[in-house]
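Copied from Swiss-Prot, the annotated features are:
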- 1-38: topological domain 'Extracellular' (TOPO_DOM)
- 39-63: transmembrane segment (TRANSMEM)
- 64-77: topological domain 'Cytoplasmic' (TOPO_DOM)
- 78-98: transmembrane segment (TRANSMEM)
- 99-113: topological domain 'Extracellular' (TOPO_DOM)
- 114-135: transmembrane segment (TRANSMEM)
- 136-159: topological domain 'Cytoplasmic' (TOPO_DOM)
- 160-180: transmembrane segment (TRANSMEM)
- 181-200: topological domain 'Extracellular' (TOPO_DOM)
- 201-220: transmembrane segment (TRANSMEM)
- 221-271: topological domain 'Cytoplasmic' (TOPO_DOM)
- 272-293: transmembrane segment (TRANSMEM)
- 294-308: topological domain 'Extracellular' (TOPO_DOM)
- 309-328: transmembrane segment (TRANSMEM)
- 329-371: topological domain 'Cytoplasmic' (TOPO_DOM)
- 356-371: compositional bias 'Polar residues' (COMPBIAS)
Amino acid sequence: MLMASTTSAVPGHPSLPSLPSNSSQERPLDTRDPLLARAELALLSIVFVAVALSNGLVLAALARRGRRGHWAPIHVFIGHLCLADLAVALFQVLPQLAWKATDRFRGPDALCRAVKYLQMVGMYASSYMILAMTLDRHRAICRPMLAYRHGSGAHWNRPVLVAWAFSLLLSLPQLFIFAQRNVEGGSGVTDCWACFAEPWGRRTYVTWIALMVFVAPTLGIAACQVLIFREIHASLVPGPSERPGGRRRGRRTGSPGEGAHVSAAVAKTVRMTLVIVVVYVLCWAPFFLVQLWAAWDPEAPLEGAPFVLLMLLASLNSCTNPWIYASFSSSVSSELRSLLCCARGRTPPSLGPQDESCTTASSSLAKDTSS
């Protein structure tokens, strides 16, 4: 799925990454467990519908808001995150679903390479768009003047472009690793398989993907969220000017009412930080753990149903992404309620300009954290 075909050189196993093409093991046709195959198809179908529907709804809500000219910088990132997750649904889950249904890849060599390339682009883009969004929040809150000079309100901005560019570039090895290859000796049966020049190539490549798609973005997201929390917490701590006998050198300003608003914003930021990091890790960790296990352990339980099904959960994070960010953006959640009310024939609630999201550099710290 990730860095190999859905078929394997392991006998009888239809879903694990393929071994180098010089493996002496071969899997004959029609050896799949029918119950497990149906479970795989059902799981992929559910994931595809969930990813496509959830991201489509959030994109529709953003489009409605954009027609009224109410796009804020955070909406740009949420929109591109939804596009990246839709790419996961269309170019990763859907081809995988068709592949599972036919057991072998049905298509020419160019299509095999293109599918494998686009599968990886979606995975990179989904992770890197979250990282870009987090970096933008860090810049807006911790370096507001820098964010104001550069601006971030366009539909395409620098972090978005960098995220897409890295996704496209880092996926290029897929074009050279995968190809339509004979998988059953001289029988003429072909499949979209990976081939590595050295025996250690597969382990190295799987580890590299795990680091670049999961470990590095996780560390970056966690670090930025910690810095954001520290910045907001520092704004609430009375400075020397607010202590008895102190001089006016503190950072905290504003009325008690504003301080209460910032306190509520801090609580919301803490919740958002925990949700983002925990959900990101929980969604990606099972998939990459079994991928690394399969790559590094020759005795890995490749035939077990839990192992097989976990191999299919690379797109799980794409199901949760739109709802996490929509729930923490009052403007997007209000627009979603309005969209659903219109679909049911109800009168939508009015949406005021105060629902704007949070990452403009000119916003107050409270607004930056309470989107």
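Yeah, the Cβs are placed from backbone N, Cα and C, and that goes for glycine too.
Averaged over the topological domain 'Extracellular' (1-38), the predicted model reaches a pLDDT of 46. Residues 2-3, 17, 127, 130, 134, 206-207, 209-210, 213-214, 217-218, 221-222, 225-226, 228-229, 300, 307, 310-311, 313-314, 316-317, 320, 324, 328 of the same chain, all 6+ positions outside the transmembrane segment (272-293), place their C-beta atoms under 8 angstroms from a C-beta of that stretch.
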